[in-house]
Structure formats: structure tokens, C-alpha cells
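Asker: These came from TrEMBL, pasted as-is:
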DOMAIN    1-147  domain 'Ferritin-like diiron'
BINDING   28, 50, 53, 95, 129  Fe cation binding site
């Protein structure tokens, strides 16, 4: 199997950062899929937002000379959410997982001395993710956000 030659655009862009961006792209696309399949109007907005996050990351990956590797987007393990509260708990857990993944990506960018990637994650993702988590907990009080382990595939937990 031949490996693709590195892009001529690539400069100071570590392979670990490229791989982490690909993982984040796939997580954002998965989150987009999960949000779309649950609570209509609210989740449609969330789904579009998550897809936009993935698209921004794909644009960054191309700008930095990385290659995009998309995985199959798995359907959630469950279709019957029983009620809106269960769906909201699952989304809160997923948003926290996405936030943790972004924090790990930022840490990797720091370790690899990539200030451009650090700034990109800070500017476009971290604050917005915290706001999204806060909005979930204030708009839909009464849920804990931890009862959803069964709805997500293991690579994203």
C-alpha cells in the first residue's frame, strides 16, 4: 500500500495534530448525526452547528497541508429515547465528551508547539462548547448528563 506524499503546504504541522484533527472531525460529525436523530427543532440547530464545526476543522486540515480521513458515522445504539429528558442527558454527555476531546487537542497542539492550532481551537471551539454545555443545563434543568453511556460508541467515551 502506497502512502500519500506530504502536502507542499505542510509546515510545522505535526502528524499527531493531523491525526487528532481527524478524530475531532469524526466526533463532530457523529455529534451532528446524534443531534439530528433526536429532538426535532432544537437538535436540528445543534446538528447544523456540529457539522459546521467539522467543516471548519476540515478546512483547517486542508489549509495546514493535512489529509482528511473520514470514518463511518455510526448510528447511535438506541433509537427509542423513551422521553426528551433521556435524549437531553445523552446530548449533555456527548457535549462534555466533545469538550474533553477539544481540550486534549489543545493540549497536544501546545505540546507540539503549534500556536496556530492552539489559537484556532481557542477562538472557534472552547468558549462555544462551554456555552453549549451551560445552555443545555439551564434550558433543560433536572438532568445530570451521565445516564447516556449506552447511546455512544466506545471510541467516543
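Along the chain as shown, the residues are counted starting at 1.
Just so you know, glycine gets a Cβ as well, placed from its N, Cα and C.
Give me the lay of the land around each of these features.
Answerer: Confidence for the domain 'Ferritin-like diiron' (1-147), expressed as mean pLDDT, is 85.
In this structure, residue 129 (Fe cation binding site) is part of a helix by DSSP.
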Asker: Apart from 28, 50, 53, 95, 129, which residues in this chain have a Cβ no more than 8 Å from the mean position of the Cβ atoms of those residues at the Fe cation site?
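Answerer: The answer, listed by sequence position, is 27, 31, 32, 49, 98, 102, 125, 128, 132.
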Asker: By the DSSP assignment reduced to helix, strand and coil, which category contains residue 95 (Fe cation binding site)?
Answerer: helix
